[in-house]
Structures are given as structure tokens and as C-alpha cells.
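Let me begin by presenting the structure, written as C-alpha cells, before commenting on it.
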Amino acid sequence: METMLPQKQAEEAIVASLNETESEVGGVREEEKELQNHSMFSIKSILWHGGSVWDAWFSCASNQVAQVLLTLPCSFSQLGMVSGILLQIFYGIMGSWTAYIISVLYMEYRARKEKENVSFKNHVIQWFEVLDGLLGPYWKAVGLAFNCTFLLFGSVIQLIACASNIYYINDHLDKRTWTYIFGACCATSVFIPSFHNYRIWSFLGLGMTTYTAWYMAIAALVHGQAENVTHTGPTKLVLYFTGATNILYTFGGHAVTVEIMHAMWKPQKFKYIYLLATLYVFTLTIPSAAAVYWAFGDELLNHSNAFSLLPKNGFRDSAVILMLIHQFITFGFACTPLYFVWEKVIGMHDTKSICLRALARLPVVIPIWFFAIIFPFFGPINSAVGALLVSFTVYIIPATAHMLTYRKASARQNAAEKPPFFMPSWTAMYVFNAFIVVWVLVVGFGFGGWASMSNFIKQIDNFGLFAKCYQCKPPTPPAMAAAPPPHHHHH
């Protein structure tokens, strides 16, 4: 595998773009080489090869919100307006902090490995390898298990969201049939080699979510408040924590953080990018969710997809279509790390041929497809994934890993990244990390897990497993267009 084949020249162009910088000096050289390449085939590089700070920002911001935009109004109806906005800000800051922690650990791992002269030319570093290098094999196993399950269900959610959205444009087919169709379409993501190649996509994706968010806000304001609208939330504890967990899920989109960093020419700059991406995301999530909730109030409790309440017109259709395209992109984002893991397991990770790798990646797509058909519950599955997987993958494991990595004084002295300027002492970082672990364990995993699982089970009782059409309107139009039977509210 290691020996270079005669077609070396032909591959040069492809490999050059995938090469990672060996060191800072290497970094400068790489960038110069990049600039020379740009003049040669600039269009290709604009669309295809991205490693700049901007690319990372676009990747983070567009990856942060996708279909979650559509479920946030529902969460607001469960939380009430004040809690909704406060929790978004709180979890947004917490998410940025853990993303920063992940980037610190990544830099530490890379610095330690490069002292041992390990080169990462054709190898994409992943989160579980960072854990393995810093804390040993048990941590690797835990990190790998949570991360893979999370990404798997993340991809499942994208598929369900596709079917749930398209149904609002074309309801000749039921949602399950749409899921079959989209599963086949999403399988094409096996052909995209790595995160460098997502440049044009993440750029477009951000445009699409921005449009959708502002469309939701404006449409809700134009529509005005529905007749006798009520804003009773928060009423039930179960619903309160379900909503809170969905928000935890929204800002926990950085299971892909390490891979995005690895695709940068200079990963050191990643720390602030995530925070900036989150701040931009606030301008999308808060106005849209607040406006839709203001307009429709408690009706949202039975409509986990905000599109179902907004009036049908050309604007809504274009928002739906843009969201669909974005779903593809996010599906690619969630799946790519899974493909990497799978390639490493079967020993195909260094293969140059794109077609061979695509074939090898297909078994990853099948189970995703299958799950999407079993659990088509668009809103509740977000919260369940948030409570059981995101809480660990994104908050608890990084924070604990950081505490353990730097517990010795020697490790602290040789740290690749010193503590940030706004938190100069190691003790403060330690305390903050401990707070995150406890908070997420109790509120996110404990209460959130209880609430979202009981909600999830209730959905299974109401709709059955392979539900043909989740939360669709029944054929005879009753007074209320909600899917669950009315008695379902007074438990």
C-alpha cells in the first residue's frame, strides 16, 4: 500500500490539495504552492479545494443549523419564549467552549506526534485518534462508540428531514416512500473524498439556511398571530426538558470539528472560528424561532416541522427546496467521518482510487437508510439523540479529556496551547470544565434523557414503528389538523 505507483504524476494534483502542512514552515510553503496552483486551474480550486479560515467558518456555520431550524419553534413552544432564548445563548457559549477544548486537544496530539516525526500526509486525524494518543485505548473505544452512533443518527435525522420537508411540496407520495428515494440520492455522497472538497457546498449551504431562517421570521410576522393564539409554555416538565435537549442538540453539531480543523492549512486559527460561527447562527435561530412561536403559539406542540404551519406559497416552496439541498450537504458532513472510520477499519484509508473507496463506503449508507424508515419521528428523534449522544460526544467527553490530559504539572508546562487570555489560570479552566460535565450529565443526560425518551416512546405508541406518514393530516379535514388524538394532551 505504501509504495507509490507509477501514475504518481497524475495523482500529484489531487494529493497536493489533500496534503496537510507538516509544520509551520511547511505551512507557508504549502500556501505558496497553493497560490501557484490557483493560477493554473483556478475555477476547480475555487469550487473544490478549501483549507482557508473562511472555509472552516462556512463549514462550521452551515453545519451547525440545518433541519434544526425547523424544529426550534416547536422547542420554543415547549420552553416558552424567555427560556428558549436564554437556553440558546447558554448552550451556544458552552458549545463554542467545548469546540475550543477539542481544538486544544487536537493541537496537543498533533504536536506530540510530530515530535515523534509522524507525518499525516494522506491520513485524516479523527477525534478518537486524538483520545487514543492522549489518554489511551479505553478512551479511544468510548470516543469511537459515541461519535459513530451520533454521526449515524445525525445522518438518519437528515434523511427523515428530507422526507418530512418534501412532503409539504408534493404529497402524492407518503413520507416513507420519499425516504426510500432520498436514501438512494444521499448514497451518492460516497464519492466525495474529504472535507477539502466541501468548499462550494458549505458556502451554498449557509446561503440556504440564511434564506430559510429569514423566510420563517418574515412569513410568521406577515401572517400575524393566529386567531385565539395561546402561549402557555412551559407547562409540563417532560416537554420542558425535551425542548431544552433539542437546543443542546442544535449547538452540539461539532462532532465533525476535528475533521474540519484537519482540512485547514493552519489549524491553530480554528479556536475563534467556532465562536464566530455560533454568533452568526444566533442571528438565524433566535429571530426565526421567536417569530414563528409568536405567531402560532401552542399549535406548534403538535407540529415539529415549522413548515407545516406556514402558508403555502412560492417562498415556502423555495425554502423547502433549499433545505432539501442543504440536507444533502449535511448528510455528507455527518457521513464523511463515518466513511473515514470504516475505511480505517477495513484498511482502505490510503487507497488513491475514488471509485474503490466509494464501493467500500456503501455498507455505511445502508443501516442509515434502514433506521430512517423505522423511526420517522422528525422532532422527537432530535431530542433523543441530543440527550443520549450529543451530551457525551460533544460536552462530557471533551471536557473530561481536557481535565485528564493536563492533570500533571509537566503536561501543563509543555502544553501546545496555553490557556486563553480571558481565563488565564488552569484552575479556572478546570472548574469550568467540571461545571460543564456536571451540568450536562444532570440536566442534559439525566432529565433530558428521561424526557426525550418518554416522548419518543409516546410517539411509537401513537404512530407505530414503520409509520407510513408521521404527523400528516388525516384525509377527512377535522377542526384541528394535529396528528395525535386530542386526549393525548391531558396525561
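Each residue, glycine too, has its Cβ placed from N, Cα and C.
Since we're looking at a predicted model, the values are computed, not measured.
Here is what TrEMBL says about this protein:
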DOMAIN    49-442  domain 'Amino acid transporter transmembrane'
TRANSMEM  85-107  transmembrane segment
TRANSMEM  144-166  transmembrane segment
TRANSMEM  178-196  transmembrane segment
TRANSMEM  203-226  transmembrane segment
TRANSMEM  238-260  transmembrane segment
TRANSMEM  272-296  transmembrane segment
TRANSMEM  319-342  transmembrane segment
TRANSMEM  354-378  transmembrane segment
TRANSMEM  384-406  transmembrane segment
TRANSMEM  427-450  transmembrane segment
Three or more CB pairs closer than 8 Å, sequence separation of 6 or more: does that hold for the transmembrane segment (178-196) against the transmembrane segment (272-296)?
no
Residues of the parent chain within Cβ reach of the transmembrane segment (203-226), under 8 Å, 6 or more residues beyond its termini:
58, 61-63, 65-66, 69, 73, 284-285, 287-288, 290-292, 294-297, 299, 306, 310-311, 315-316, 318-319, 322-323, 325-326, 329-330
Stretch among 85-107, 144-166, 384-406, 427-450 sharing the most Cβ pairs under 8 Å with the transmembrane segment (354-378):
144-166
Which residues of the chain, 6 or more past the ends of the transmembrane segment (384-406), have a CB below 8 A from one of its CBs?
94-95, 98, 101-102, 104-105, 108, 131, 134-135, 139, 142-143, 146-147, 149-150, 153-154, 157, 245-246, 248-249, 252, 254-255, 412, 415, 426, 429-430, 433-434, 436-437, 440-441, 444-445, 448-449, 451-453, 455-456
